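Asks: Here it is, the structure, as C-alpha cells.
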Amino acid sequence: MRIIGAPSDYGANRRGVDMGPSAIRYADLAAGIEVTGATVHDAGDLAVPRAEERDPDREQPTVGKAKFLRETREVSRTLADAVADSLADGEFPLVLGGDHSIAIGSLAGTARDAEVGAVWFDAHGDFNTPETSPSGNVHGMPVAAALGKGSFADATWARADGLREENVVFVGLRDIDEHEREAINESDVTAFTMSDIDERGISTVVEEALDVASAGVDGVHVSFDLDWLDPNEAPGVGTPVRGGATYREAHWALEAVANRDAEDGILRSMELVEVNPILDQSNRTAEMAAELAASALGKRIL
Ligand SMILES: NC(=[NH2+])NCCC[C@H](N)C(=O)O
Ligand SMILES: [Mn+2]
Ligand SMILES: [Mn+2]
C-alpha cells in the first residue's frame with residue numbers, strides 16, 4: 001500500500017489542516033498498518049500551491065461562491081494522477097488530507113479507469129455546489145463536484161468518470177445545509193444519518209452501506225472525515241458537530257470495511273481528511289486517524 005500526503009487547506013476556512021499528513025504520520029500510521037502484514041510505502045507529500053504565497057484576490061470566487069477553485073483544480077489534478085499511478089502500480093492508495101476538497105482528486109483518480117462506489121463517513125454531506133454553498137468552502141462540495149452537479153458540470157477536472165451516483169453512500173450525517181438537503185433528497189445517493197445509526201445500530205447501517213456502495217462496481221473508495229466522530233473523540237477538526245460516532249462505533253465501522261474487503265476485495269482506495277493539528281489536543285485526532293486506518297486495513301484486537 002502507498003501513503004500519499006495531500007497537504008492542502010484551500011477548501012476550508014481554517015488554516016492548519018495542511019499539517020494533517022505529518023500529524024497522522026507522527027501518530028505511527030505506518031507501524032500500525034504494518035501489524036497487518038502489509039508493506040507500507042510512503043510516497044511523501046504532493047506539492048501543493050504554498051499557502052504563504054496565497055494571493056488574497058484569488059480567494060474571491062471565480063464561479064458561484066467557490067473559493068480558491070484554481071488552487072483546488074491544481075491539487076485535484078496532481079492527486080488524481082498520484083492515485084491512478086498507485087493503482088496502476090498495484091499499490092493500494094491511502095491518501096492523507098488536507099481538507100475534504102482533496103476528495104475531488106482522490107475520486108477522479110480512483111474512478112479514472114473503473115466503475116466505483118464511495119462510502120462517505122462524515123457529519124456533513126459535502127454535496128453543495130458553488131451555487132448552493134453558504135460558505136464558499138470547497139470542502140463542502142467534493143461529492144457534488146465528483147458527480148458533476150451544478151456548475152461543476154463544466155469542470156472536467158473535477159469529475160470522477162466512473163463514480164456511480166447510485167453507489168454513493170453517506171454514513172452518519174448530522175449537519176446539512178438547506179439547499180444541500182434538497183439536492184441529496186433529489187439525487188440517487190443513499191444517505192444514513194446519525195438518527196439511522198441510533199435507531200438501527202452501527203453494524204446494520206455500515207453493512208447496508210457497503211452493500212449499496214459495492215453493488216455492480218469494480219471497487220469502493222472510503223472517504224473518512226474525522227468530524228464524523230464526536231468532537232469529544234476528535235477535537236482537532238475545523239467544523240466539529242456534536243452528536244457524532246463514538247470511538248467504538250468508528251472502529252467497528254472500519255473493521256467491517258476490512259472484513260468485507262477480506263471476503264470480496266472491494267476496497268480500492270481510502271482517504272483520511274480534516275485532521276487539523278492546530279485545533280487538536282496533543283495530537284489525539286491524528287492518533288485516532290492512524291488507528292482507524294489500521295482497522296480499515298485489517299488490524300484486529302485478537
Ligand atoms: N468536509 C467538511 N468538513 N465540510 C464541511 C462543510 C460545511 C458546510 N456544509 C459548507 O458547505 O460549508
Ligand atoms: Mn467532509
Ligand atoms: Mn465533515
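First residue shown is number 1, and so on along the chain.
Backbone N, Cα and C atoms are what each Cβ position is placed from, and that goes for glycine too.
In case it's useful when we look at the structure, here is the feature table from TrEMBL:
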{"type": "REGION", "residues": "44-63", "note": "region 'Disordered'"}
{"type": "COMPBIAS", "residues": "50-60", "note": "compositional bias 'Basic and acidic residues'"}
{"type": "BINDING", "residues": "H100, D122, D225, D227", "note": "Mn(2+) 1 binding site"}
{"type": "BINDING", "residues": "H124, D126", "note": "Mn(2+) 2 binding site"}
Asks: Below 8 Å Cβ to Cβ and six or more residues apart, same chain only. Which residues does that give for H100 (Mn(2+) 1 binding site)?
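Replies: Residues satisfying the criterion: G11, A12, D122, H124, D126, H139, G140, P142, S223, D225, V273, E274.
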Asks: Other than its own, how many Cβ atoms are within 10 Å of the Cβ belonging to D225 (Mn(2+) 1 binding site)?
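Replies: Taking every protein chain into account, the count is 27.
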Asks: For the recorded Mn(2+) 1 site, whose residues are H100, D122, D225, D227, find every other residue on that chain with a C-beta no more than 8 angstroms from the centre of their C-beta atoms, and list them by sequence position.
Replies: W120, F121, A123, H124, D126, H139, S223, F224, L226, W228, V237, T239, V273, E274
Asks: So how many other Cβ atoms are close to H124 (Mn(2+) 2 binding site), meaning within 10 Å of its Cβ?
Replies: 25
